[in-house]
Amino acid sequence: MRRPLGRGLHGLGLLLTLVFALFPFYWMVSSSFKAQADLLASPPVWLFRPTLDHYAAIWADQKVTTAVVNSLVVASLTTLLAVVLGTPAAYALARFEFRGKADLWFWFISNRMISPIVLALPVYLLARQAGLLDTYLVLVLIYLTFTLPIVVWICTDQFRAIPPDLEQAARLDGARQFDVFWRIYLPLGAPGIAVSAIFSFIFSWNELLYALVLTRRDVQTAPVVATSFMSGYELPWGKIMATGTLIVLPVTIFALLVSRHMIRGLTMGATK
Amino acid sequence: MSYLALDQVVKRFGAHTVIDGVSLAAEQGEFVVFVGPSGCGKSTLLRLVAGLEEVSAGDVHIAGRCVTDVDPAARGVAMVFQSYALYPHMSVRQNMAFGMRMARAPKPEIERRITEAARILQIENLLDRRPRELSGGQRQRVAIGRAIVRDPKIFLFDEPLSNLDAELRGQMRIEIARLHRTFGATMVYVTHDQVEAMTLADRIVVLRAGRVEQIGSPAQLYDSPANTFVAGFIGSPRMNFLTGRVAGLEDDAVRIEHPAVGGVLRVPRRAARAIEVNAPVTIGLRPEHLTLAEAPARLALAGDFAENLGATSQLYAQAPTGETLTIQVPGRESVARGEALQVGFDPARVHLFDAGGQAI
Ligand SMILES: Nc1ncnc2c1ncn2[C@@H]1O[C@H](COP(=O)(O)OP(=O)(O)O)[C@@H](O)[C@H]1O
Ligand SMILES: [Mg+2]
């Protein structure tokens, strides 16, 4: 990598990867600002007069705004609960020996392996029976079955990397179990917690299958509404692109917000 | 009752017995050192005192109270870990305050104690730094400071200097000795380094495979090791061992034979252990008790090579039986390979051990 040619190739590779990854994103965002004529132009136009018409249209469409709010509520609640419930479980799995620990661990990992579609019908029947169809609660509960294992998995790994000496020092310092968890494990596990929170949020935010099956009118989420645009005779490209942008936006902002905590090396200096 | 007392303490991990019936007592203000090879159970024993491990059998008493079933925090001990175990997300000040905050001590009192400890350890200017912004030696001081702030009944140290370079280790060793003198605190200190043990300890506990081999002052262990293990472990360079034979017995002496001695050597007895004529015997001679000068007894050896350490030299030589000996002499001596070497010693300095390795 010391030779200029090697560096140049490396940079070129990075650039290509970046373009490949970001181009669809760019296309969606830029299309959402194009007038209908520019949208359908062939060959595609690169320079155009931006318009906020599509955003105005979906802003006026109460279905979309409600759906975005619904998605925000469901994803935030799910993420919050997954972290609140998952981190103590991860602490226990990382630091305590108890009967059935291996089985519990396997269950956490393996229930991610079942294809969701297999469970869709039984879950639908259960939800209907319980009168939970079209509620926030049912979505949050079903999303927790996916996000909780993610949090437990990532955080257990993170907590295991914390030197056990720290916990013992804290115990000698008079910290009770909860103090150790709260004052040592949570702050030092922040990178893992942040990563798992992002995954939980993104998963809940993007989830389509269960949202489609379990909601009707009141708590339809953004992805459900976005798909509903595709049922007419013509495709409202502008609206779809604007909705898509709106769906991606919160996830991006959220990821940027917590990325500060993802920086590794927080535990450096603990030992030696 | 002693200030710290262990009574037949046993610790098992599963079927593996790591501490096998250890009893010992230490007085208030004493500096006790657990020393032994790696894996012999020193850390485990210290953690049993701290309460970080539960004993499988036996009792621990601190300050006249049985603390076998008492929580670590309530035992009134503070520990300095080998890894320092500083909380990485807290400043030095917060690290030192943590214990007292947990005990809900008033803020001014916490502040006063931190200031005092920081002054003693000369870390006042580090109080607002994070552990990762400190050098190894500074982390070590902070770890000790965190212990001092808690004003414990007993200080526990687990190989606190093993992560430092040689020079810093020497400095910190002196500093710990000074702290002990200033505070008059009871300290239990674990090390595998016999130099640390000899220089710091009032009382040394030599451990091997979870058992106590000998307890005594540094001088006692050096002058009268109870067995070959202690004899070999305490003292540097290591004691030389030759295998000889008992030629005869007197009231207060043993006559022994070894080819290097050339005849029979009369060695005054140190212990009252029974031994029989013709039994094999291990002859222990410390390198620093051998000399190239005139002496009451001599060994005929063949030189091997020499190492000059500046003030002293270490000569290596072989007995006719093939056993290698180290000889430590003042000044700069050299020896040629195969050169005949007459090495003198005082029979009163000879240590004898029976076939089981016990001093006789
Ligand atoms: N938590 C544990 N579980 C099982 N074995 C252990 C545990 N802690 C220590 N041991 C074993 O106990 C023995 C003594 O360990 P330790 O006290 O750390 O030795 P030292 O400090 O003298 O080097 C070692 O063989 C080690 O493997
Ligand atoms: Mg150890």
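Cβ coordinates come from backbone N, Cα and C, glycine included.
Residues or ranges marked as domain 'ABC transmembrane type-1' in TrEMBL: A:68-258.
Sequence-distant contacts of the transmembrane segment (A:12-29), counting only residues of its own chain at least 6 positions beyond either end whose CB sits under 8 Å from a CB of the stretch, comprise 241, 244-245, 248. TrEMBL lists A:12-29 (among others) with the feature transmembrane segment.
Residues of the same chain lying 6 or more positions beyond the ends of the transmembrane segment (A:72-93) and with a Cβ under 8 Å from any Cβ of it are 101, 104-105, 136, 139-140, 143-144, 147-148, 150-156, 158-159, 181, 185-186, 189, 193, 196-197, 200-201, 204-205, 219, 221, 250. According to TrEMBL, the transmembrane segment annotation covers A:72-93 (among others).
Among residues of the same chain six or more beyond the transmembrane segment (A:105-124), those with a C-beta under 8 A of the stretch's C-beta atoms are 93, 133, 142, 145-146, 148-150, 152-153, 156, 209-210, 213-214. Look at TrEMBL and you will find A:105-124 (among others) tagged as transmembrane segment.
Residues 70, 73-74, 77-79, 81-83, 85-87, 89-91, 93-94, 108-109, 111-112, 123, 127, 130, 189, 192-193, 195-197, 199-200, 203-204, 207, 210-211, 214-215, 219, 221 of the same chain sit 6 or more residues outside the transmembrane segment (A:136-155) yet have a Cβ under 8 Å from a Cβ within it. The transmembrane segment feature in TrEMBL is assigned to A:136-155 (among others).
The transmembrane segment annotation in TrEMBL covers A:184-205 (among others).
Among the features that TrEMBL reports, transmembrane segment is placed at A:240-258 (among others). Listed as Cβ neighbours of the transmembrane segment (A:240-258) (distance under 8 Å, sequence separation of 6 or more from its ends, same chain) are residues 25, 28-29, 31-32, 54-55, 57-58, 64, 68, 71-72, 75, 194, 197-198, 201-202, 205-206, 222-223, 225-226, 229-230.
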